[in-house]
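Encoded as structure tokens, the structure appears first; notes follow it.
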Amino acid sequence: MRPPGFRNFLLLASSLLFAGLSAVPQSFSPSLRSWPGAACRLSRAESERRCRAPGQPPGAALCHGRGRCDCGVCICHVTEPGMFFGPLCECHEWVCETYDGSTCAGHGKCDCGKCKCDQGWYGDACQYPTNCDLTKKKSNQMCKNSQDIICSNAGTCHCGRCKCDNSDGSGLVYGKFCECDDRECIDDETEEICGGHGKCYCGNCYCKAGWHGDKCEFQCDITPWESKRRCTSPDGKICSNRGTCVCGECTCHDVDPTGDWGDIHGDTCECDERDCRAVYDRYSDDFCSGHGQCNCGRCDCKAGWYGKKCEHPQSCTLSAEESIRKCQGSSDLPCSGRGKCECGKCTCYPPGDRRVYGKTCECDDRRCEDLDGVVCGGHGTCSCGRCVCERGWFGKLCQHPRKCNMTEEQSKNLCESADGILCSGKGSCHCGKCICSAEEWYISGEFCDCDDRDCDKHDGLICTGNGICSCGNCECWDGWNGNACEIWLGSEYP
């Protein structure tokens, strides 16, 4: 059996769906009409009274002048999808500001599009406490973005929460860490967001159909289907999954800023010249080990050379497989990914850099240097990429003194991360500095809060062996560039 009022509930739901987006005041009774389209059971005066704000005299605007009155219910005019105006159409906006996914940050109530904050909180989204019990260090730590920058350099930190710089009143800088800047979407000519042909989200324009460009400034004269067809590569992928399709043309992801066209090219980005480069080729403009021609990612070798990358001379008495095996040593890569293998012998790169050496280039003394270029913190010597510390010092880079001049309490206070946990629970504290667990080689950072597995790899090596992983980002050594320090921008070597 259906519960009492079920039919009336269906009538109400049908009425609301028919009317569009609307709101129902608490005084509304679902039995005011017997069925949709039936005569109203209220008098005209009573219907209009219910559509006026309390205390307003007869003759005052119904539904605040923003809707029509239908049997005591305001049917509000919908100006934009997602914008509502309340039971009596009294609100200009219905949706309130959010912070970290919560309306009014969970510290207030939404009233007509504006947050009414609980006592002890303030801000557009009630996100700022009036009294702060955090230390400045903890507060700043909570305000750092994934690049370890406080409020993305676009705001100030207030008790662990970012207050974005919107002094011009535009409100275009926002986000938990002020990481979004919608000023980037303003078209220079029209001064409109996305040229008036799209929506901006976190500094990026999302264009309406038929428009494209960084700021939706260009109009496309072909259909989306035709655009997709022109961008489809021979293997059936859009721009070979290595580019972006814009109005039927592929813009390939250029990974080599020094190249004339980059390593990826072709009408549908089907050619990847990186497949022609040996590890050591990145030190020069050579493809195919300097002994062949690269044609759309495949090497055509000169006479006297063979191999996938023309790396093996036919004059060598070893087979290509034997040559590579001799050059690998204990590494999975020939010459440890740091040199050129030719007939079973390694030539370490960059040439002339004495910090890279060994039979299979297994020693890399650059690993003993910190980001400032200091070897073993100035308290040790480097031996095959590892620090041998002087007496009284220890650590991967000899950065920790064995003697400490502070109390245990002082030391622990300096080792607490933003959440109050000592070294993020992944290390021990010594003299105010965290020593991350040796068992988990990938844990690093001031508070052991970073995971070096997040750093990009190339040729199977983190940061390609040409930089240091710092909190998930590669810090490249001089002469190197790229997300994984895979691009050589230094001098060309013979």
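Heads up, residue numbers simply count up from 1 along the chain you see.
Cβ coordinates come from backbone N, Cα and C, glycine included.
Per Swiss-Prot, region 'Cysteine-rich tandem repeats' is recorded for 51-494. Residues annotated as repeat 'I' in Swiss-Prot: 51-95. Residues annotated as disulfide bond in Swiss-Prot, with sequence analysis given as evidence: Cys91-Cys112, Cys132-Cys159, Cys143-Cys157, Cys151-Cys162, Cys164-Cys178, Cys207-Cys216, Cys348-Cys361, Cys368-Cys382, Cys404-Cys431, Cys455-Cys469, Cys463-Cys474, Cys476-Cys485 (among others). Under the heading domain 'I-EGF 4', Swiss-Prot lists 180-217. Feature annotation from Swiss-Prot assigns repeat 'IV' to 185-230. What Swiss-Prot records for 271-311 is domain 'I-EGF 6'. The annotation repeat 'IX' is assigned in Swiss-Prot to 415-454. Positions annotated as repeat 'X' by Swiss-Prot: 455-494.
In the shown protein chains, 21 other C-beta atoms lie within 10 A of the C-beta of Cys207 (disulfide bond). In three-state terms derived from DSSP, Cys463 (disulfide bond) belongs to a helical segment. In space, Cys431 is the closest of the disulfide-bonded residues Cys132, Cys216, Cys431 to Cys474 (disulfide bond), judged by Cα positions. Minimal Cβ crowding within 10 Å, among the disulfide-bonded residues Cys463, Cys469, Cys474, is found at Cys469. Take the CB of Cys485 (disulfide bond) and look out to 10 A: across all protein chains shown you find 25 other CB atoms. Around the Cβ of Cys91 (disulfide bond), a 10 Å sphere holds 21 further Cβ atoms from the protein chains shown. Sequence-distant neighbours of the repeat 'IX' (415-454) (same chain, 6+ residues past either end, Cβ-Cβ under 8 Å): 138, 141-142, 160, 395, 399-401, 404-406, 462, 469-472. In sequence order, Cys463, Cys476 are the disulfide-bonded residues from Cys151, Cys162, Cys348, Cys361, Cys463, Cys476 with a C-alpha within 10 Å of the C-alpha of Cys469 (disulfide bond). Between the C-alpha atoms of Cys178 (disulfide bond) and Cys151 (disulfide bond), the distance comes to 5 Å. Its Cβ taken as reference, Cys431 (disulfide bond) is surrounded by 17 other Cβ atoms within 10 Å in the chains shown.
On the backbone, the CA of Cys216 (disulfide bond) and the CA of Cys382 (disulfide bond) stand 55 Å apart. Counting residues of the repeat 'IX' (415-454) by DSSP class, helix then strand then coil, yields 7 helix, 14 strand, 19 coil.
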